[in-house]
Structures are given as C-alpha cells and as structure tokens.
Amino acid sequence: GIKCGGVLSAPYGNFSSPNFPGRYPYETECTWLIVVAEGSSVLLSFSHFELEYHAACAYDYLQVYNGAARDQGNLLGTFCGRSPPPPFSSAWHVMAVVFRSDRHVAKRGFAAAYRKDACGGQLTGLSGEITSPRYPESYPNNAECRWSIGGGSGGGPLTLVFTDFQVEGGQGCGFDYVALFDGPTTAAPRLGRYCGSTRPPRIVSSAPHLLILFKSDFNIGGRGFKAHFYSAGECQEVFTAVKGNLSSPRYPNFYPNNLKCQWSIQLPPGYRIKVFFLDMELEGRSSLTGGCDYDHLAAFDGGTENGSLLGRWCGRESLAPVTSRSNQLLLVLHTDRNTAKRGFSIAYVGVVPMNVSCTRTDFHIQIPVQSLAQLERNRIYLGTPSCAAQVVGRNFRIHTRFDTCSTESQKRNNTSVIVSTLYIDFSAGDREDIHQYEVQCEPKRKEASVTLIAGPDPSRLSQAENLVDAQQREGGATDAREIKSQDTSDIVFISICILAGLLMVIAVVGLVLL
C-alpha cells in the first residue's frame with residue numbers, strides 16, 4: 001500500500017525512498033521516471049545512501065537506467081550497502097531509477113536530486129553520442145558546455161569522431177570553438193581547438209579520460225556539431241595475430257545499448273580471414289521490414305565500412321563461417337537504445353596463402369615465405385615432420401610422391417582421391433597452435449584442392465571450406481612451368497605408349513610380309 005515512484009518532469013527536483021529518513025518498508029518496489037526537455041540530459045546525484053548489503057546486491061537494491069526501458073543494455077549500475085552511487089549523466093533526456101526491498105532487514109534508504117543539463121555531463125558508457133545544444137538548429141549564444149568522458153568499466157583510450165561540424169570561424173578560433181583535452185580537466189594536455197565548417201580529425205586519447213569543451217560568444221552562431229565516441233578495449237580493437245577470439249562487450253552478459261563497436265582484423269598480404277560464429281544472440285529482426293534494423297553485426301571486406309558487405313546479422317541464428325577476399329576484415333556492432341541481448345562470441349583464423357597442384361604421382365605445394373616469415377621450414381610439413389618444406393627462392397616448397405608422407409588413397413563420391421594433411425606449426429612456448437589443412441588430389445584429372453580442417457578450435461570447425469579458388473589458380477600459373485618440368489612421370493608414360501604403338505605397327509607389317 002506504499003505509494004512511491006512516479007514521473008518527474010520538472011527541470012530539477014528531489015526524491016527519496018519511502019519513509020526517508022526513517023527505515024523503508026519491506027517488499028516494496030518503486031520506479032521513478034525522470035523526463036526533461038528533449039535535447040537535454042539528466043544529472044543525478046545522491047546525498048544519502050544506506051541499503052541492506054549483499055555482495056551481489058541480491059536483496060535490497062537501487063538500479064539506475066539510461067532511458068525509460070528497464071532493459072539490461074540501459075543499466076548504468078546496481079547499488080546497495082552504504083557506498084553511494086557516483087553522479088550520473090544520461091545519454092538523452094530520460095532516466096529511470098528503480099528501488100526494491102525484500103522482506104528482511106530494512107535500512108534508512110536514500111535521498112537523490114536531479115536537474116536538467118542543457119549540455120555537457122559525465123559520460124561513462126563504452127560509447128555514446130554528443131551534440132551541441134539545440135542541434136541541428138543554431139546553438140545559443142554565451143553557451144559553455146563540458147562533457148567529461150571516461151571512468152567506466154572499459155578503461156582503454158577513447159576515440160572521438162565528428163560526423164557534422166559547423167561553428168563560427170575566426171582567426172585562432174577566438175570566438176566560438178570546441179576544445180579537446182587528453183584527460184578529465186582543462187589542466188590536461190590540449191588535443192586541439194576547432195572552429196569553422198571543417199570537421200576535426202579523428203581524435204584518440206592516450207588515457208581513459210577525455211574532456212570536450214564547447215564555448216560560444218555573444219553573437220553569430222551555427223548549426224553546431226555531432227560526434228560519437230567509443231572506448232578501445234572491449235569496443236574497439238585491432239587484431240594482427242594469425243588467429244584470435246573476440247566478443248561483444250560484457251559477453252556472455254547483456255551488451256550495453258547505444259553502441260557502435262569496431263573490430264579490425266589485419267593480416268599480412270596474401271592471407272584471407274575466416275570467421276567462425278561460436279555463439280550469437282542479438283535483438284531480432286524488424287516485424288515490419290524483416291531486416292536487421294535494430295541491433296546488428298556487420299562484416300566488411302577490407303579495413304573500412306566502404307568495403308564489400310560480407311554479411312549483416314541479428315537475432316539468434318546458427319551462422320556458417322564467412323571468409324574475406326582480402327587480408328583485412330572489419331566487424332561492426334550497432335546497438336540501439338533498448339532491448340539488449342547476450343551478444344556474440346567469434347573466432348577467426350588467417351587462411352595461409354598457398355598454391356597446391358598435383359600430377360598422377362606427386363603433390364606440389366608452395367607457400368610464400370613472407371606469409372610465414374616467423375617460421376622455420378621444419379614447422380611446415382606434409383603428413384609427418386620428415387616431409388618438411390624446403391626454401392626455394394621466395395617460397396616454402398613441398399614436392400613429394402603419393403607413396404610417402406602419410407598419404408592415403410580414398411573413395412569420395414565414387415572417385416579415387418589421394419589425401420594427406422599439411423601441418424603449419426605456430427606453437428610458441430607451452431602453447432600448442434598447429435593449423436591443419438587437408439590436401440587432396442584427383443590423379444586422373446590432376447586436380448588438387450586444400451581445405452582448412454583445424455584452426456581456432458578443432459571441435460568447432462565441422463564446416464570446412466575449399467580454399468582453392470580462381471584467384472589462387474591464377475596465382476599459381478607462374479609456377480606451373482616449373483612444376484611441369486619436374487613432372488617426368490607423365491613424359492615417361494607417354495613415351496612408353498608411343499613405343500608400344502610403334503612395336504605393334506612393326507609386328508603387323510611383319511605378319512603381312514610373311
């Protein structure tokens with residue numbers, strides 16, 4: 001029967017737990033929805049805080065949400081005990097506060113205050129968006145706004161990207177301007193001061209804090225600016241190892257809302273990148289369009305979003321592996337303001353560039369040395385370590401007969417094929433890391449193929465991909481002459497056939513003459 005919570009729409013105000021400063025009642029749940037003018041943010045602070053303590057705040061607790069929806073992706077924090085929550089600034093004009101008590105142990109509760117902030121604030125999320133006051137309308141005169149970014153769980157450097165910028169210009173930016181500082185205050189090193197209509201460059205802080213200061217004078221305004229930021233680490237990473245794993249922020253817990261995260265995989269020239277989706281659960285498809293209009297993961301061939309789109313996914317799906325056509329691949333996660341899910345876990349492996357061919361009796365394998373420059377030749381072998389590669393010019397080369405190197409004859413689709421396994425050993429120290437490729441030849445047609453069978457996790461790689469495509473065959477054309485020159489078995493076979501034919505002709509002529 002306790003009345004609590006409600007909608008708070010005044011520009012500023014106070015609220016507290018029921019009965020404060022007395023003890024709050026048992027089995028109570030209250031929700032306060034704070035709504036200020038659109039384009040503003042909510043600043044929330046606590047002057048008193050005392051709730052029942054539990055290590056996981058499983059009994060009595062207070063939760064703060066960045067928006068109206070009680071969605072795990074909007075959750076800024078869950079608090080209990082005697083340590084007050086830090087001050088919060090919402091990413092937009094709505095904030096929700098939820099208080100819950102169980103049937104045991106009541107305390108004095110809390111007292112909080114909020115106010116509308118036309119611009120500026122403390123932003124602690126992994127990513128977010130910042131705009132000048134009234135954007136895209138002209139910003140007001142005599143404005144001063146400070147956005148302090150950082151202090152969240154990401155802990156990595158911050159990247160700031162301006163997508164629109166129009167501020168009154170002037171010599172030395174002495175009128176209206178945006179100044180950036182490499183730290184939480186203006187005492188930190190200044191990263192730049194900008195005005196006019198040219199967008200500032202991408203800014204990367206050296207610390208997990210960044211201060212944005214916007215000032216306007218008494219006349220002449222402009223459209224202002226729009227920028228987004230993201231934290232390195234969980235939300236922005238570059239991978240250069242030949243294989244690796246990555247996941248959405250906070251995985252397997254719910255990812256935050258309002259994210260734009262990028263993971264760039266960059267391998268040496270010649271490599272391609274194969275991505276395996278180990279687990280994925282994002283917000284589902286739009287019921288109106290059937291597309292991934294809300295939260296989604298996209299993959300691009302190359303290092304930017306201008307590259308070819310390899311796929312765009314959402315919902316909960318079992319996905320086949322995806323392979324890039326170049327040595328770079330970009331993964332981008334977009335999340336909107338509500339309905340967060342568990343996220344995703346991904347493994348990738350670099351597909352080593354190689355040319356594989358065969359005759360009726362031999363395998364020929366070539367791998368550019370620059371692709372495996374860190375490896376000794378004995379770390380690359382076919383079947384057994386005794387069949388290690390040789391270094392010939394700029395290539396690792398394996399040339400072996402079918403009756404060696406643990407090759408096997410098998411029947412596949414009613415066709416006789418010769419099969420062996422190529423091992424590339426990337427192991428270092430106590431960490432075993434051996435990639436395996438199945439090498440196959442159909443002797444009658446002299447056609448070879450190679451398939452990745454073990455990379456990031458052999459138990460996950462049930463769906464192997466044939467790696468010989470038109471590009472590799474074209475790449476192997478220059479070495480075909482050398483391989484043909486070594487193929488003496490075919491020449492001997494043809495010579496024997498011609499000789500047998502001549503002997504038969506001589507025998508027939510002899511019989512006729514007799």
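In case you wondered, yes, glycine gets a Cβ from its N, Cα and C as well.
Fair warning: this is a prediction, and the values are worked out from it, not measured in the lab.
The domain 'CUB' annotation in TrEMBL covers 4-117, 119-232, 235-351. Among the features that TrEMBL reports, transmembrane segment is placed at 491-513.
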Across the domain 'CUB' (119-232), DSSP labelling yields 3 helix, 53 strand, 58 coil
The correct DSSP tally for the domain 'CUB' (235-351) reads 0 helix, 56 strand, 61 coil
Mean pLDDT across the domain 'CUB' (119-232) comes out at 86
Across the domain 'CUB' (4-117), DSSP labelling yields 3 helix, 53 strand, 58 coil
